[in-house]
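Before any comments, here is the structure.
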Amino acid sequence: MSELDSVAVLCGGRGRRMGSDKGLLLMDDRPFIEIITAKLLGHFSDVLVVLRDTDQAGTYRGILDDRVRILTDELPGAGPLGGIYTALGNISGDAALFLPCDAPLVTDEFLVNMKECFRRLGDSCDAIVPWGDDGPEPLHAVYSARVRGTVEALLSKNKRRVGTLIESINSCRIAAIRLDPTLQSFRNFNRPEDLRI
């Protein structure tokens, strides 16, 4: 099995509950997207950020390291599943790890463990999905490029839940706590009060 070299950060949402673009929220005076991509560049040779449109891309271009590839949604308005579709059509390898832009606490241990899971399971799984007490973490998962057609079929039927994708393909479940014993990698910031850490 080849190495997992691609990672895509999904950042196309409007952040309605938060009241602003979540990738631009600050932690220690740095935007979430800068924190996340800086960490990812230490582990992956192909780092992508998927944004909703060219206006958002213009804003992010001034923040991101030049090694980060910026993509805009090929299927605007399709939510995270549309971002997965876009990224899978542009990755350099056979699969990519996906992360949301509102998870700046992702750990090195999580990234190393996901790459190891891909080495062990990538040939036999269409997706490698962390599973916690509350169920799947489908936006912290590895998806094979071979599921892009399934994503397109789901979107053509107006099925936009990423959970529907993992139910439709051969998904391997991995205990989230085994990937990151602190579970900090899975901590999302959805509302202003979540920023009080």
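Using N, Cα and C of the backbone, Cβ positions are placed for all residues, glycine too.
Some features that Swiss-Prot has for this protein:
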- L10, C11, G12, K22, D73, D102: GTP binding site (BINDING)
- D102: Mg(2+) binding site (BINDING)
Return the count of C-beta atoms lying within 10 angstroms of the C-beta of D102 (GTP binding site), excluding that atom itself. 23
Listed in sequence order, residues with CB under 8 A of G12 (GTP binding site) and six or more positions away: V50, L51, R52, Q56, D73, G79, P80, G82, G83
Compile a sequence-ordered list of residues in the same chain as C11 (GTP binding site), six or more apart from it, whose Cβ lies below 8 A from its Cβ; state 'none' when nothing qualifies. D21, K22, G23, I33, V49, V50, L51, Q56, Y60, P100, C101
Same-chain residues at least 6 apart in sequence whose Cβ lies under 8 Å from L10 (GTP binding site): V50, P80, G83, I84, A87, F98, L99, P100, C101, L139
